[in-house]
């Protein structure tokens, strides 16, 4: 299946969403979204009636109807929300990439990380919320 290819939401569930998140490298929980929750896709719809057991490592391993065997429109595109938890940092030399933050926010974040024993919270990056209950320890 092509990367970024639309998938129909017929039969789409949290188990299938978890497989997608696992394929993308996330280790937390997943929530399935339907009815083009993130907006309609473009191009041919590649999969319909996806049925995953939850043991798969990629969506291509799940049972489904392939391209051409669907009855969907892009208003039925499937989506996923991948949630994850940051693990405690063990290596103090680990670098933190802060792309997309203004210079003042970068400086503030560096001060917080450099002086605090722990940092907890919810981060919003690029319009996507990722709930994190991790710790950054010195």
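Cβ atoms are placed via backbone N, Cα and C, with glycine included.
On a predicted model such as this, the values are computed, not experimentally measured, just so you know.
Here's what TrEMBL has on this protein:
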type	residues	note
DISULFID	8-72	disulfide bond
DISULFID	21-82	disulfide bond
DISULFID	52-62	disulfide bond
DOMAIN	1-83	domain 'SRCR'
Residue 62 (disulfide bond) to residue 8 (disulfide bond) - Cα separation in whole Å: 14
Cα-to-Cα gap, residue 82 (disulfide bond) vs residue 8 (disulfide bond), nearest whole Å: 18
